[in-house]
Amino acid sequence: MASGAQIKRRLTILGSTGSIGTNTLDVVERLGGRERFDIAALTGNGNIPLLAEQARRVGAELAVTADEHRYGELKSALEGSGIEVAAGRSGLIEAAERDAGWVMAAIVGNAGLQPTLAAARRGADIALANKECLVSAGSLFIEAVAKGGGRLLPVDSEHNAIFQVLENDQRHAVERIILTASGGPFRTKSLEEMRHVTADIARAHPNWSMGLKISIDSASMFNKALEMIEARHLFRLRPDQIEVIVHPQSVIHSMVGYSDGSVLAQLGCPDMRTAIGYALSYPKRCELPIERLDFARLARLDFEAPDEARFPALKLARRAMQAGGIQGAVLNGAKETALEAFIKGRIGFLAMAEIVERVMDRLSDLPAAVTMDDVFAADEKARQTAAGLIH
Ligand code: NAD
Ligand code: MG
């Protein structure tokens, strides 16, 4: 819609109350806020005060809580504002289907798949933070975006880095991509030390400030495992073209290696707003007043090979990629169930990978997904199988 000389962009943020969601709103405000952007919809889950405050602040058209029991609370928090209110799964779909040209997909976990798909199918540009969409649904998700006609803009910092340095007319010359991993808080811990850690210890990431689940996934390196599968689908690579290197400073966000021996990297401070700003202003670059890299102060960048014995998640990702088919959905469904159990203190830290491996063993002959329903069924089966292993 026109406002003065400037065309306003309409956007929606799925998962606005989370770490990526609040960073997205911060970027939106730094890039002009209500002067430049119309917010079609914001969605959250349990944090109703924050969702209501955000919706009022940015003048959202619609605010949705995923928790249908909190509808009344959200409705009264927004009373008199003129902001529409909805709740539950249908509310999330309604938010995704509003006519916004750009949608930030920042709901955590497989719960983000259906709303993100709804936005993709109607042709919105998808700024994809939610990696589970690609891990579970893989090429079906890519096809849905392509069919809808919108662009897929990776926000996960590693994939955003690759997206920035991938020369589209030279894709045939890409030999490998190198995903960097901080190594998380347990990079130097022994298996015995990791056996007894709690969720509170595991959530303390050395470099990045993120939501609870992704922080714990970083500690177990399941986050990197998901990212390997995500990269495979996003950039259409063979499993053997995907490498992981531990880089504790998290300054190089990932790299692409070409057939002439060149390696191109994207570097920056560990701040998700760079990737979000890139996706929001793509294909142009915006001006963001965030910290700059100071190389003299940095002095050095370190690298080490990942240890798959202490971090078996990486091995499981390779296995899922090699098996193909529906194994990404199986790995993710089992991992989400095991992660919930770890957060609740019902299983130990190392048991997460053990459970995922056992679920993958049991469901190794599930047929490849033909439709999204097959993906949801595999996810559900993996969850049930994992739950059966957690006593
Ligand atoms: P978060 O936990 O901080 O926020 C999650 C958001 O999803 C919140 O708005 C929450 O209300 C909503 N939500 C939670 N459960 C829901 C449900 N069942 N239904 C609908 N909405 C629900 O998570 P985050 O760290 O912002 O991560 C969001 C996504 O982005 C994840 O998929 C994560 O892997 C990915 N990601 C995050 C980062 C980061 O720096 N935080 C970096 C890369 C990728
Ligand atoms: Mg990442």
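For all residues, glycine too, the Cβ spot is worked out from N, Cα and C.
What TrEMBL says about a protein is an automatic prediction, not a curated fact.
Look at TrEMBL and you will find 11-138 tagged as domain '1-deoxy-D-xylulose 5-phosphate reductoisomerase N-terminal'.
Feature annotation from TrEMBL assigns NADPH binding site to T17, G18, S19, I20, N47, N130, E132, G211. Note on I20 (NADPH binding site): other Cβ atoms within 10 Å of its Cβ, all shown chains, come to 28.
Residues annotated as 1-deoxy-D-xylulose 5-phosphate binding site in TrEMBL: K131, S157, E158, S182, H205, S218, N223, K224, E227. In the three-state DSSP scheme, E158 (1-deoxy-D-xylulose 5-phosphate binding site) is classed as helix. Using a 10 Å Cβ-Cβ cutoff, E158 (1-deoxy-D-xylulose 5-phosphate binding site) registers 27 neighbours.
Annotation source TrEMBL lists domain '1-deoxy-D-xylulose 5-phosphate reductoisomerase C-terminal' at 152-235. Here the domain '1-deoxy-D-xylulose 5-phosphate reductoisomerase C-terminal' (152-235) has, by DSSP, the following mix of helix, strand and coil residues: 46 helix, 11 strand, 27 coil.
Sequence annotations record features per position, and here TrEMBL assigns Mn(2+) binding site to D156, E158, E227. Taking a C-beta cut-off of under 8 angstroms and a sequence separation of 6 or more, E227 (1-deoxy-D-xylulose 5-phosphate binding site) has the following same-chain neighbours: K131, D156, E158, H159, L179.
Residues annotated as domain 'DXP reductoisomerase C-terminal' in TrEMBL: 267-384.
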Is any of G18, K131, D156, E158, H205 (binding-site residues) within Cβ reach of ligand 2, i.e. under 6 A, and which?
D156, E158
Helix, strand or coil at I20 (NADPH binding site) [DSSP, three-state]
helix
Out of T17, N47, N130, N223, which of the binding-site residues is least crowded by other Cβ atoms within 10 Å?
N47
For the Mn(2+) site (D156, E158, E227), what does the 8 A shell look like? I mean other same-chain residues with CB within 8 A of the CB centroid.
K131, P154, S157, H159, N160, L179, N223, K224, L226, E230, A231, S254
